[in-house]
Amino acid sequence: MAGIKALVGLSFSGAIGLTFLLLGCALEQYGVYWPLFVLIFYVLSPIPTFISRRLSDSTESSSACRELAYFITTGIVVSAFGLPIILARKSTIQWGACGLVMTGNAVIFLTILGFFVVFGSGDDFSWEQW
């Protein structure tokens, strides 16, 4: 039952993060949908970790494959935070929209981290069984 509660909590926090992202795009005073390109980073961020957990041996505490995946994931996350700042500096979006998108980024990436913490342990309720 604890796994179901975690899944519901993660889905709720994901919805909150996407709400912040959409508010940064769709509010009348902002009205520009360029920040939606961070959705690409949301999709790309867990892929290196999925691949590294599939390829590396789980008994090792650290491996070059996992470290490379963490490095690539960090680059993707930093890029997701950098894109709204660059768009705001070039006056493509307003700074208020940038703040909402950055808040949504933080919530979504914490949700993705929570997913790996809750379901990444390899026990009976793991994402690897899906």
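The backbone N, Cα and C atoms fix where each Cβ goes, glycine too.
If you check TrEMBL, you get these features:
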- 6-23: transmembrane segment (TRANSMEM)
- 30-48: transmembrane segment (TRANSMEM)
- 68-88: transmembrane segment (TRANSMEM)
- 100-120: transmembrane segment (TRANSMEM)
So which of 6-23, 30-48, 68-88 has the most C-beta pairs under 8 Å when paired with the transmembrane segment (100-120)? 6-23
For the transmembrane segment (6-23), what are the same-chain contacts with Cβ under 8 Å, counting residues 6+ beyond its ends? 35-36, 38-39, 100-101, 103-108, 110-111, 114-115, 118-119
Is the transmembrane segment (30-48) packed against any residues at least 6 beyond its ends, judged by a Cβ distance under 8 Å, and which are they? 21, 24, 68-70, 72-73, 76-77, 79-80, 83-84, 87, 92-94, 96-98, 101, 104-105, 108-109, 112, 115-116
